[in-house]
Amino acid sequence: MSKPETTAAPNFLRQIVQADLDAGKHAKIVTRFPPEPNGYLHIGHAKSICLNFGLAQEFAGDCHLRFDDTNPAKEDQEYIDAIEADIKWLGFQWSGEVCYASNYFDQLHAWAIELIKAGKAFVCDLGPEEMREYRGTLTEPGRNSPYRDRSVEENLDLFARMKAGEFPDGARSLRAKIDMGSPNMNLRDPILYRIRHAHHHQTGDKWCIYPSYDFTHGQSDAIEGITHSICTLEFEDHRPLYEWFLANLPVPAQPRQYEFSRLNLNYTVTSKRKLKQLVDEGHVSGWDDPRMSTLSGYRRRGYTPESIRNFCEMIGVNRASGVVDIGMLEFSIRDHLDATAPRAMCVLKPLKVVITNYPEGQVENLELPRHPKEDMGVRVLPFGRELFIDAGDFEEVPPAGYKRLIPGGEVRLRGSYVIRADEAIKDADGNIVELRCSYDPDTLGKNPEGRKVKGVIHWVPAEGSVECEVRLYDRLFRSANPEKAEEGGSFLDNINADSLQVLTGCRAEPSLGQANPEDRFQFEREGYFVADLKDSRPGKPVFNRTVTLRDSWGQG
């Protein structure tokens, strides 16, 4: 794709924060990032992380990490650990200790009792289906629950018995008493507490009733002194409820909620439920599979924190919903790796070359720059009689415009000599297994006199090169809108069957043999690659393709 504008895109929240500070509303701004620990963070979360932590950094404020752990059945310590690691990897550090909504369960319970005593909450016996019927629709008002007019005393008694574990899951709930005729569905007597007999990763078995997200969120913000509670647009309709709770409870502060548009990328699924389905059903190797849209997946793919932060800055922050072209994210990593990744050569499909006129036993150590622009020093390649080129760089019957090696033709080996193909050796099945070539000793670093050699190909020495595994990753979905499936189908029907190709027996230049996990390179003519975080180790490298050198999808 064409190069996007790299200047910072508009951010209306930056302007709001600046105006609030200028007006003296807050001595210091405090933001928060409140993930639910029921899955790994994905690329959409990166936008929220960069926004909340970025605003706190820019305006010398604080940003809290708070786990919204109100649904113990779906939460796990594994997710908590992964979320903390992802935030740190992105380059951010939360202020103070990690917070948990469960830290405030006692206070939330006390406030629920205050609402009951004020006649603003009641215990309801309606089940989920009945409650849905009573709730009404967007065009029809709801109906009051038959239990709405219970006395304060009865509600206090029932709520205490709910807490004591007397009733089974789903038998009763505590609801706010607001307005069943409100055009805003969130104000139609929303649930404050549900019965869930589930072990909690932080509080153990202390509780069998758990507060709803809506009852927890604003009060947690108030307890922590959050000044700017920033959510995605789907929570805009929840703001009146957020404000109702703050107005009807003796909270220590009055935070303000703001909304921005969430990140939607084409060719990408970010639903935690669907990401979990991909993992559970074995369509990918795990939450950190390099094809996943999780931050741990992007990290293992070879994306850098800088590239993701830059991408989030490029797309900006606004309230307009839309779909961002994944090409912008791919541009961001290409741009960063082009400037920072050392160059190296790796032959993915090796074809042996014997240079018949090169002296046997002789080896020259050729110095090649590690980067064409930056001063990264040099790497040394031993050049001898035998080497490997890519099988795709020789054609007996070349197509039009082919500029690589052909019978009797010449090419330059990158950083080395010009060679000519003299003979192709084949096996019994007619497959080319070796090339016999000759070299021009006067062409090291210069063109031969009277001949113009157009093609340049990469190579590695036969002796000293390192055998490696290379994993060619591509987009997991072949459809720009993978959520859109044929009638009766699912998003799984849009999985790209060619999203992973594993190549073994590849040959890398000697300098790559000691690559450490997460070392990144540009393999010349092949793309940008990273030594795999889990499977690669010095002496037995495994490289993942991060991104191609150019946007090949845009040419289709």
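The count begins at 1 with the first shown residue.
Each Cβ is built from the backbone N, Cα and C atoms, and glycine gets one as well.
Source: prediction; values computed, not measured.
Swiss-Prot annotations:
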BINDING   GLU36, PRO37, ASN38, HIS42, ILE43, GLY44, HIS45, ALA46, LYS47, SER48, THR232, ARG262, LEU263  ATP binding site
BINDING   ASP68, TYR213  L-glutamine binding site
MOTIF     35-45  motif ''HIGH' region'
MOTIF     269-273  motif ''KMSKS' region'
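Distribution of Swiss-Prot features across the structure.
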residue	record	Cβ neighbours (10 Å)
GLU36	ATP binding site	17
ASN38	ATP binding site	17
ILE43	ATP binding site	23
HIS45	ATP binding site	24
LYS47	ATP binding site	22
ASP68	L-glutamine binding site	19
TYR213	L-glutamine binding site	16
THR232	ATP binding site	15
LEU263	ATP binding site	22
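Confidence across the motif ''HIGH' region' (35-45), taken as the mean pLDDT and rounded to a whole number, stands at 97. Residue counts for the motif ''KMSKS' region' (269-273) by DSSP state, with H, G and I taken as helix and E and B as strand, are 2 helix, 0 strand, 3 coil. Remote same-chain partners of the motif ''KMSKS' region' (269-273), defined as residues 6 or more beyond its termini with a Cβ less than 8 Å from a stretch Cβ, comprise 38-39, 42-44, 263, 293, 476-477, 482-483, 491. Among the residues GLU36, PRO37, ASN38, HIS42, ILE43, GLY44, HIS45, ALA46, LYS47, SER48, THR232, ARG262, LEU263 said to bind ATP, no two Cα atoms are farther apart than 20 Å. Packing against the motif ''HIGH' region' (35-45) from elsewhere in the chain are residues 67-71, 74-77, 79-80, 82-83, 86-87, 201, 262-265, 268, 270, 272, 275-276, 287-288, 292-298, 308, 329: each is 6 or more residues past its ends and has a CB under 8 Å from a CB in it.
TYR213 (L-glutamine binding site) sits 21 Å from LYS47 (ATP binding site), taking the Cα positions as reference.
In the three-state DSSP scheme, TYR213 (L-glutamine binding site) is classed as helix. DSSP assigns ASP68 (L-glutamine binding site) to coil, not to a helix or a strand. Each residue of the motif ''HIGH' region' (35-45) gets a DSSP state, and the totals for helix, strand and coil are 3 helix, 1 strand, 7 coil. Measuring Cα to Cα from ASP68 (L-glutamine binding site), the binding-site residues that fall within 10 Å are GLU36, out of GLU36, ILE43, HIS45, LYS47, THR232, LEU263. In the three-state DSSP classification, LEU263 (ATP binding site) falls within coil.
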